[in-house]
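Participant: Handing you this structure, nothing more for now.
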Amino acid sequence: MTVTDTKHAVTVRDLTRRFGSFTAVDRVSFDVSPGEIFGFLGPNGAGKSTTIRMLCGILAPTSGAGSVAGFDIMTQSEKIKAHIGYMSQKFSLYEDLTVEENIDFYSGIYRIPREKKKERKEWVIEMAGLASHRDARTAILSGGWKQRLALGCAILHEPPVIFLDEPTSGVDPMSRRKFWDLIYELTGKGVTVFVTTHYMDEAEYCDRIGLVYRGELIALGTPEELKNEHMKEDVLEVACDRPQDAMEAVEKVQGVKEAALFGRGLHVVADDAGKTVGALRSFLEMEGYLPTRVEGITPSLEDVFVSLIEARDRAQQPQKEVAG
Amino acid sequence: MKPMRIFAVARKEFLHIFRDPRSLAMAIAIPMLLLVLFGYALTLDVDDVPIAVWDRDATPASRDFISRFSASPYFTIVRHVDGYEKARHCIDSGEALAFLVIPEDFSETASTGQEIPVQFIVDGSDSNTATIAMGYADTVAATWSRRVMMELEQRLAGKSSSLPVDMRPRVWFNPDMESKNYIIPGLIAVIMMVIAALLTSLTVAREWERGTMEQLISTPVKGPELILGKFLPYFVIGMFDVFLAVLMGEYMFHVPLRGSAALLFFMAAIFLAGALSVGMLISIVTKSQLLASQLAMVVTFLPSFLLSGFMYAIANMPRPIQVMTHLVPARYFVALLKGIYLKGIGLEILFVEAGLLAVFGIVVVLLANVKFKKKLV
């Protein structure tokens, strides 16, 4: 099966990658529309980087089909490479080269025409805020600078699709904020951005999110859809004394499925918030935890994610026991 | 192949080399240092063999015989001893390499024209030097004997006869038979092989280790463009090394360059292309700098040193080893360099070596390009 889709920037069907007996990516399917910010959210080792590498044409898929920027991922990986920008986790700059030398190298590699070369270079330097560090070796730059320079080098040729693999790891919050502003600027011009992250707050910036866990795509949708539709249970926020002890105690209350520490209080997952609020409050008062607040809230992405993962683990447990 | 990409890679690689003083030192200083060290240390000439002498006769005749040794440039008498114990000590301590014993009846026997047994004890722990020293001693003794015999004959018969054969050797290409004249050209080949492979052995592996290769393979750059771009700066450095080595051969070791210098550099360019590609291939296959540099050293140094004919004549090797030497590229370059340097011959005679060298280069370049994959794993 080949998929050549021109409507979507990225299309993937049953994409699978195995390393020996380990399945890093397991039958993943999704579409990304042009101009969209698509987030791939999941814990470390879930298969995010493996997926992104297959889409960029630097890792051969074991099976499945897909297209990126209109080219087939199984047969046209070299064509894909001319139409994408990829930024790997390590901000792969040459540290012994200066800022300008790094940019010059990549503009040579991407064969930027002479008349555009200078303009693109100035754009990258300005975008990264490196005007006063043009001749500085990249090794001395801070994480945020390196990250923006690496992004600049990867998109010198103005590709329609950009892949960013955990672009903000090891970067301070201010730089992260600036980075996301840049991403919005790019998508405003119609560029498609595919980004992986394990930061929940960052996932909220995405137009759509795919949740990956152990190589499988377990949920797909906008952040709102995920919060409202993918979580069957309700979430109650509890503020009380000794939350750590209370966390274990409240699981005895009828209707409570689980509880987790959240900030200075608890997030309690219940089948029905309305029915559980009263019981929970009186239980906490009776046990002396002095609750100051017990109320239903909109679940955060983290709640959704934790709940989905646990549901997944519960569903797989019996299978494993049978198999084991 | 797009020149713009090749140029971008070559420029970047040049910058890496010039920013890292250690790699520059390795590229320029180490080959020169090796040439000086090996050039001076690796001399196969045996002269001034230190000998101890026990003259049990102590007559004018025996002293005349001994003086032939002290007058020869090949021997130096370091000590006169009386007794085997003392002579033994001289040889044990390394003070003398050989020990000459003149018997008590030396002059008496000489006057009768009978054979005189003269003992010459040699330290055989270095068999090469021992063989050469024995040869020299034979020559000294034979020359002396011939003179004595002729004198005796003249006295008895009143006329002197001559020997049936008078061999008049003449040495071509290296008339003074100085070993440096054939060691230096061979040494240039061996050193260039090792250095060239070492230089490129890091270049691809370093990018894999630092993670920059992952970025590079996600761009449209093609394998051959990347390999050629990386190859060019090292080729320039390698040719510069050859140039320095030839200069040192000329002005430091005074090795005569009888053939065409242009042909020498042309052959060096072909050899270098192959040798650099060996390092590149190793780097591509191992993806590890440590492993690549060790492997480059192992696969180039020993074969080039032992099997290239640089020091040990290939014709003297057992048949299976002789066949193996055909796989050692330095073999062809050693033959070419010795031919161009000492014999002054050109491609009309050396075309087989030149052709095989080119074949080797082409095979390795192709292999490196085939082995380089723009994929992870």
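A Cβ is built for glycine as well, from the same backbone N, Cα and C atoms used for every other residue.
Pulled these features from TrEMBL for this protein:
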TRANSMEM  B:21-42  transmembrane segment
DOMAIN    B:137-375  domain 'ABC transmembrane type-2'
TRANSMEM  B:182-205  transmembrane segment
TRANSMEM  B:226-249  transmembrane segment
TRANSMEM  B:261-283  transmembrane segment
TRANSMEM  B:295-315  transmembrane segment
TRANSMEM  B:349-370  transmembrane segment
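In the displayed structure, how are the listed features positioned relative to their neighbours?
Facilitator: Same-chain residues lying 6 or more positions outside the transmembrane segment (B:226-249) and placing a CB less than 8 Å from one of its CB atoms are 1, 5-10, 12-14, 17, 27-28, 31-32, 35-36, 39, 184-185, 188, 191-192, 195-196, 199-200, 203-204, 216, 255, 257, 261, 264-265, 268-269, 272-273, 275-277, 280, 341, 368-369, 372.
Using a Cβ-Cβ cut-off under 8 Å and counting only residues 6 or more beyond its ends in the same chain, the transmembrane segment (B:261-283) has close neighbours at 189, 192-193, 196-205, 227, 230-231, 234-235, 238-239, 242-243, 246, 292, 295-296, 299-300, 329, 332-333, 336-337, 340-341, 346-347, 350, 354, 357-358, 360-361, 364-365, 367-368, 371.
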Participant: I'm a bit unsure how to read this: which one of B:182-205, B:295-315, B:349-370 has the highest number of Cβ pairs shorter than 8 Å with the transmembrane segment (B:21-42)?
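Facilitator: When the Cβ pairs under 8 Å are tallied, B:182-205 comes out ahead.
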